[in-house]
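Taken straight from Swiss-Prot:
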TRANSMEM  7-27  transmembrane segment
TRANSMEM  87-107  transmembrane segment
TRANSMEM  116-136  transmembrane segment
TRANSMEM  146-166  transmembrane segment
TRANSMEM  187-207  transmembrane segment
TRANSMEM  210-230  transmembrane segment
TRANSMEM  247-267  transmembrane segment
C-alpha cells in the first residue's frame, strides 16, 4: 500500500474508533471489520489500533480533566478529601486492579481472540448481559454514590474487555447498574475508569511491537491518532448525555444485527 492509502485507512479507523468506543457496541469488533474491508496488513493493525485508542483516551482525559487533576493531587500532594472530590484516586486504582492483574497474566494469549468467531461469541454474550441489565435496572434500587463493593464488581466485569468484541463499556456500565448504581453514574465512572487502562495498554503494546514501527509508519500512526482524538472529542459529550438516561435496547438490537452481518459476510 502507498503512504497515501495507509494514511486514508488510518483516518477511517480513527473515525470508527472515535464513534464506537464510548457506546456498548464494541470498538474492537468494528475495527476488525474495517481492517478486513480495507485489506490492511497484520503488522500494521496491532500498533495502529493501539495508537488510535490512545487518541480516544486522551479525549476522555480532557473531558474529565478536573477529576483527573484531583486524582493527581490526592496521590502526590495528599489533597484533603471532601464530598466534592470524593475518593477519586481510590476509585480509579481499585477499579483497575483486576484488569491489570488478569491482563498481564493473559496478555500473550489475547491476540488469539482477535478473530471473527471469537468476536461473534463476545458480541452475543455482551448482548445477553445488556438484556439482563435492561430488565433489571427498573427493579434495582439505584444509589447515586459509588461504594467499594460496587467498584470491585465493576473492576471485575471490566476484565471482560480483554475479550475483543465484548465491549468495555458494555461490561462496566452493566456491572454498575446491576450492582445498584444509577445509570448516569455508571456511565461516567466507566469512562473515567478507562483512561489508565488505555494508556497503560498503549505503552505495553508499543514496547512489545516496537520493532514493527518504522519512520514510514509515523504519518499513518499520527493520522489515526489525530482522527480518533478529533472524532472522540465530537462524540464524547453527546454520548455521555445519551447514555446517562437512554434505554439499552437500541444497543441490544445493534449488537445482534452486527453479529449477523459478521456471520453472513465475513465468515462465509
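Cβ from N, Cα, C; glycine included.
By the count of Cβ pairs under 8 Å, the stretch nearest in packing to the transmembrane segment (146-166) among 7-27, 187-207, 247-267 is 187-207.
Simply put, out of 7-27, 116-136, 187-207, 210-230, 116-136 has the most Cβ pairs sitting under 8 Å from the transmembrane segment (247-267). Within the same chain, residues 24, 26, 28-29, 32, 160, 163-167, 170-171, 173-174, 177-178, 247-249, 251-252, 255-256, 258-259, 262-263, 266-267 sit at least 6 positions outside the transmembrane segment (116-136) and bring their C-beta atoms closer than 8 Å to a C-beta of that stretch.
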